[in-house]
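This is the feature table in Swiss-Prot:
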ACT_SITE  ASP69  active site, proton acceptor
BINDING   THR8, GLY9, ASN10, PRO11, GLY12, LYS13, SER70, PHE154, GLY155, TYR156, ASP157, LYS177, HIS182, ARG183  substrate binding site
BINDING   GLU40, ASP69  Mg(2+) binding site
Amino acid sequence: MQKIVLATGNPGKVRELANLLADFGLDVVAQTELGVESAEETGLTFIENAILKARHAAQTTGLPAIADDSGLAVDALGGAPGIYSARYAGTDASDQENLEKLLAALQNVPEEKRGAQFHCVLVYMRHAEDPTPLVFHGQWPGVIAHQPAGAAGFGYDPIFYVPALGKTAAELTREEKHAVSHRGQALKLMLDALRDA
């Protein structure tokens, strides 16, 4: 079994990615378990931030690293909150505070203009000096609901409505979510590439 460090401090992402990766026989260790501090996210895109995080974890641990950078892009807000999704309402904002700020920003936006996409970029870095890290992008289209619904998931899941399923992301089972989510898509692309390598 190959040990890989997961370069994130977000407990929701750790749970979700560790569960998915364990299904494929990968020994995933969260960077927090190895005493690795979070990398500073100074990039302007999901790709830049994911590469920064993966390289930092690989340099600190000497292990291959997987990093995720993801967020919500809302059409009516010009793609915001985007790379600032986790800190939309402030640096130490809770999921609930971020969600409330987003709903307030969309208060007068009609249903047909509430389109949004979750984006996930996964980076697999074989070692800290890897000149060609593997980069995978998953995108999940939906609509921002007017009110939260559901208790599963994390972040914006309670207001991310998936018309094709008739539910918010927070109303989906783990299996349903992984089959269609941005993170599930990016992970499938990554695992397919690793199998073929």
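Placement of Cβ uses the backbone N, Cα and C atoms for every residue, glycine included.
Can you walk me through where each of these features ends up in the structure?
Sequence-distant neighbours of ASP69 (active site, proton acceptor): residues of the same chain at least 6 apart with a C-beta under 8 Å from its C-beta are GLU41, GLY43, PHE46, ILE47, ASN49, ALA50, LYS53, ILE83, CYS120, VAL121. The DSSP secondary structure for ASP69 (active site, proton acceptor) is strand.
If you take the C-beta of ASP157 (substrate binding site) and look for same-chain residues 6 or more apart in sequence within under 8 angstroms, you find GLY150, THR168, ALA169, ALA170. The secondary structure of ASP157 (substrate binding site), as reduced to three states from DSSP, is helical.
According to DSSP, GLU40 (Mg(2+) binding site) sits in a coil region rather than a helix or strand. All chains included, 10 other C-beta atoms sit within 10 angstroms of the C-beta of GLU40 (Mg(2+) binding site).
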May I ask which residues of the same chain, at least 6 positions away in sequence, place their Cβ under 8 angstroms from the Cβ of GLY155 (substrate binding site)?
GLY12, LEU72, SER85, ALA86, ASP95, ASN98, LEU99
When you rank THR8, ASN10, SER70 by Cα distance to GLU40 (Mg(2+) binding site), which of the binding-site residues ends up on top as the closest?
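Closest by Cα distance to GLU40 (Mg(2+) binding site) among the binding-site residues THR8, ASN10, SER70: THR8.
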